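> So that we are looking at the same thing, I have put the structure below in structure tokens.
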Amino acid sequence: MDIPIFILAGLLVHCVFLVSIFDIYFSSPLVHGMTPQQTPLPPPAKRLVLFVADGLRADSLYELDSNGTPRAPYLRGILENIGSWGISHTRVPTESRPGHVALIAGFYEDVSAVAKGWKENPVEFDSVFNESKYTWSWGSPDILPMFAKGATGDHVYTFCYAAESEDFGAEDAAKLDLWVFDHVKSFLNSSRSNQTLFSALNDEKVVLFLHLLGIDTNGHAHRPNSREYHENIKLVDEGVKEIASLIDDFYGNDGKTAFILTSDHGMTDWGSHGAGHPSETLTPLIVWGAGVNYPQKVTSQFFQDNFLKEWKLENLKRLDVNQADIAPLMASLIGVPFPLNSVVKMSQKKETTLSFLFTPFKPLSASEQINFLKKIRLYIQQQKYDEAVSLCKTLINLALEGLSYYHTYDRLFLGLSIAVGFVGWTTYVILVIIKAHTNLTKTVQTNKKKSTVLFYGFASAGMIIAFFLLIQTCPWTYYIYCLLPVPVWYAVVKEIPVIQDLATNVLSLHIGQSIGFLLVCILGIEILVFSFFYRSALTVGLLVFAGWPVITQLWIQAKTKALIWTLLCALLAIFPLMPVVGREPNIPLVIAAGLLTLLISFFSLASLCKNENKYRDNEDLKVYFYQMFSVALSTYVVSSTHDSLKIKQGLPVMNQIISWMTLVSSPVLLLLSPTFLFERLFSILLSLMSTYLLLSTGYEALFPLALFGLMFVWINMEQEALQYYGLSLKPKLAVFNFTCAMDITQFRQLHLDDVRRSFFFVFFIVTAFFGTGNIASINSFDPASVYCFLTVFSPFMMGGLLLLKVAIPFVLVSCAFEAVQVTTQLSSKSLFLIVLVISDIMALHFFFLVKDYGSWLDIGTSISHYVLVMSLTIFMMVMNGLAQLLTTQRLGLPRRTKHHST
């Protein structure tokens, strides 16, 4: 196959494999079509006021201060005297969007929304707001619009502050909640002079929704145990008291208003949320007003946690609910239909499956459904209400299991199709490597007659599969997933003569060595997969790498280099054992990393100037001094910015300007440096470090230094390995220039040791990603990382800067491997194919490890693992091009002409 066609085919296959997980694992289970059912009973309330204190933990609201006084006196008085209270158990992912969807729409949003980002209503759903007659809402522009855009008709109104107000570096984020309270007050006051609005407000089935973001913002910026977080709770308590009093007065104390206060999610002690820690999943719920019971006194009650005694609430009945049950509670209070978001899927799946292939959900088959309903009706007739309720709960749980069963009905079938395609593609790539880049096989003539028979055979198989899918009216994507393995395996089977020739050659080799090599390859890939889940596996791998010179006897001919290699491997092995970055900022370590970079720079420059007199006009030397100045400036900016934020003076404008200028100027300065191997790599380090320091909050600032040191020694060690195996003469790295293009005839065939080189590269790439934490998931992202650039909440800008931070170690590894590749006369195509095989084998692991349940962190991480490995080949091509640009290109500036006196 020609190179362009092969690359195109590879990209197409990988795009299909990549997209498949969103179709197989993350399609929406919501099916519309149910008819709203309304209870004939009159509702107790005409209107509902919903307060959602974003990011409020249950313990933070209910616990008493150190002096024994309640943190929220008004709400404490409500739950002790006139309302009901409990804990709302949120379901992971504990994020704002799924939390609000559960509260207001009554269902736990399907993870298919992951594929759509933070768009308004990526999956259409019904909500209490949609079923209400009128809803007015105030708060964040990130939350309110998604419920307005999904509503039918024009009866959901939103009032949002500017997105720029969500500033993590602001003096006090509580102003966001003050904005909401002030606008609600002015809205009610202005309605008295607007007859249309006044009439609408006095109608029934009205909802007022107050989204309070200040607590969440202060929790992210200052942590939940901070003074700012606790003071924000007191402010919300006072605001709720004022709004409740104002609404009662507005309606003449008619007793027809119901109030609910809750939260979308909690927050960890280090100011993050998304996973399933109790501090994130336990949120407060206080309900009072029309239709709500007064507090019930009890002598004892049992819960698995020990909060009741700690909160001094053991004598008041605690009523815990699931977060999604708050929506039907609200619907019942004001008499609107429950939000309808799904129908039983059995009939839908039965219509699109051949009768002899259809397997129903046995616990809830048609006959079982009839039996359940008969028993429930019989219990009701016999007035055995407890038994009827218990049986209803069993039926509900079985119905939910059945929905999941039919929703995932085709998952195994589609998964196997993708797996067969994966195995076929990987097999084909291995055959291409062996056939075109090694001496293991001889040229075999193809039999045209056999090829024709094979073609028609596979074409017939494809037609049968397509017909099978057609009569079942399957979606068009099913055709792609099921038909893809056909051409892939056709390409493999066509190479049967090569496989036979290879088998003959392999059998002539030493069987023990072949099996040993295979086992080492399998073990290496499994360690790579394992490292995605347990960072300590990277430590084990690096310690094994440390012994590489001893195992291969390389240390005999290069003792000093081997010793440095071992020490740097051991040093880098420490990082995966350290806590995940972001939980506890440590700015002194960032400053120390900046100073260490400057110290290394001075010694390196002194060594350069001593060894060779390349800087006669000092122009090249100036570039390094500019880069060192940039590193020093970045170190100062990090220190002063965090000092300023600590005393609540915000992000200094000058620091922000310097940060953005450093980001832009760093790559320019890099391209002004000489293209000799050591000089250019040193310049790349300085440029990347000046930006990386600005994005660091702790020990991770030291990581690129340790990684670069190991990469530089690796380049030297590969030269020793090249000479050791007699593959080439050792080039002089001191005078090696990246711009010296190599002749294609100098490229050599692959050697067994090149598989080890490729594995080293993939391992270092994985280390670059996970060496300082699980940075493949956005949920472990600490906003403090970008405070030198911006403090106003901007998910796309912050996400872009995070990706840059992730990419910097990746670029260091790619540039080092570019040096390894050209100095060892290795063809980039052969290298790419080996890495392709390694990444595809890893991707097959992660395909079956993708999760569509559990915490947002677990779901997001499982997706990111798969996407990361699938993207590795594409990303490697991009990074290879970037590495070539960074190592070979040089910007030419006009230089002063020297005049010599005669």
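Each residue, glycine too, has its Cβ placed from N, Cα and C.
Quick paste from TrEMBL:
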- 401-855: domain 'GPI ethanolamine phosphate transferase 1 C-terminal' (DOMAIN)
- 6-26: transmembrane segment (TRANSMEM)
- 412-433: transmembrane segment (TRANSMEM)
- 453-470: transmembrane segment (TRANSMEM)
- 476-493: transmembrane segment (TRANSMEM)
- 514-534: transmembrane segment (TRANSMEM)
- 540-556: transmembrane segment (TRANSMEM)
- 563-581: transmembrane segment (TRANSMEM)
- 587-609: transmembrane segment (TRANSMEM)
- 690-715: transmembrane segment (TRANSMEM)
- 796-819: transmembrane segment (TRANSMEM)
- 831-851: transmembrane segment (TRANSMEM)
- 863-886: transmembrane segment (TRANSMEM)
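Looking at the shown structure, what environment does each listed feature sit in?
A Cβ distance under 8 Å defines the sequence-distant neighbours of the transmembrane segment (453-470), meaning residues of its chain 6+ beyond its ends; these are 478-479, 482-483, 486-487, 489-490, 493-494.
Nonlocal intrachain contacts for the transmembrane segment (540-556), taken as residues 6+ away from its ends with a CB within less than 8 angstroms of a stretch CB, comprise 527-528, 531, 562-563, 565-566, 569-570, 572-573, 576, 717, 720-721, 724, 760, 763, 767.
For the transmembrane segment (587-609), the list of distant contacts is 615, 621, 624, 627-628, 631-632, 634-635, 638-639, 642, 678-679, 682, 685-686, 689, 693, 696-699, 701-702, 705: same-chain residues at least six beyond its ends, Cβ to Cβ under 8 Å.
Beyond its flanks by at least six residues, the transmembrane segment (690-715) meets 561, 564-565, 568-569, 571-572, 575, 578, 581-582, 584-587, 589-590, 592-594, 596-597, 600, 627, 630-631, 633-635, 637-638, 659, 662-663, 666, 677-678, 681, 733, 760, 764, 767-768, 771-773, 782, 784-786, 788-789, 801-802, 804-805, 808-809, 812-813, 815-816, 819-820, 823 of its own chain at Cβ-Cβ distances under 8 Å.
When Cβ-Cβ distances below 8 Å are used as the criterion, the transmembrane segment (796-819) is approached by residues 677, 681, 684-685, 688, 691-692, 695-696, 703-704, 707-708, 711-712, 714-715, 738, 761, 764-765, 768-769, 771, 775-776, 778, 781, 783, 785-786, 789-790, 875-876, 879-880, 882-884, 886-887 of the same chain, each at least six residues removed from its ends.
Away from its own ends, the transmembrane segment (831-851) comes close to residues 10, 17, 21, 25, 415, 418-419, 422-423, 425-426, 429-430, 432-433, 437, 525, 528-529, 532, 750, 754-755, 757-759, 761-762, 821, 858-859, 862-863, 865-866, 869-870, 872-873, 876-877, 880 of its chain (Cβ-Cβ under 8 Å, at least six residues beyond either end).
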> Mind pulling out the one from 6-26, 412-433, 476-493, 514-534 with the most Cβ pairs under 8 angstroms to the transmembrane segment (863-886)?
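Most contacts with the transmembrane segment (863-886): 6-26.
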